[in-house]
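Undergrad: Quick one: structure below, then a few questions.
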Amino acid sequence: SLLLLQYRLDGGVVQNLDAIPRHALSAMAVHPRRPLAPTARRAGWQGCVIDLAGLPPSARVPVVAGGTARPPADVRDDWAAFSFAADAPRALRDWFPDVLACVRRVEGETFSLASMYRFETELRALHPRNDHLRPKIRQQLQLLVARGFVERVRPGVYRKTP
């Protein structure tokens with residue numbers, strides 16, 4: 001899991017604390033940085049940048065908002081709303097955040113299956129052992145529809161939900 005902390009420098013008061021379940025993070029969100037130079041003290045170390053733009057809003061669980069801690073029951077409910085991805089079989093769980101990130105990157109609210117197929121190259125790089133990418137994309141879209149992340153408008157056409 002990933003915790004995002006925002007605090008005030010004067011006094012160190014926590015302003016916001018968001019928790020992101022690890023099963024919500026996609027491999028597509030992790031971008032490696034250049035390794036440190038051979039002359040650096042930690043030569044060879046390589047960091048990464050985590051791009052959270054593809055995350056659905058429901059994946060960010062606010063624990064502290066505006067300097068006020070949320071009731072623990074509300075935090076647990078928000079966390080549980082996204083826990084279905086953790087409970088899914090590994091084959092589905094590995095693909096879910098990647099396809100969801102692709103959906104978030106598609107421009108506009110309505111998109112077609114053909115627009116999702118444009119991500120085949122990226123998904124193939126993340127899942128090199130899977131030769132059946134298009135059926136897997138369709139399967140994951142069905143899961144996204146079942147969980148309320150997208151709506152099926154008509155065959156092959158979907159709409160993002162807020």
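Using N, Cα and C of the backbone, Cβ positions are placed for all residues, glycine too.
Per TrEMBL, domain 'Dam-replacing protein HTH' is recorded for 93-160.
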Undergrad: Considering every residue in the domain 'Dam-replacing protein HTH' (93-160), what is the mean pLDDT value?
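TA: Averaging the confidence scores along the domain 'Dam-replacing protein HTH' (93-160) gives 90.
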Undergrad: Which numbers of helix, strand and coil residues does DSSP report for the domain 'Dam-replacing protein HTH' (93-160)?
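TA: Going by DSSP assignments, the domain 'Dam-replacing protein HTH' (93-160) contains 39 helix, 12 strand, 17 coil.
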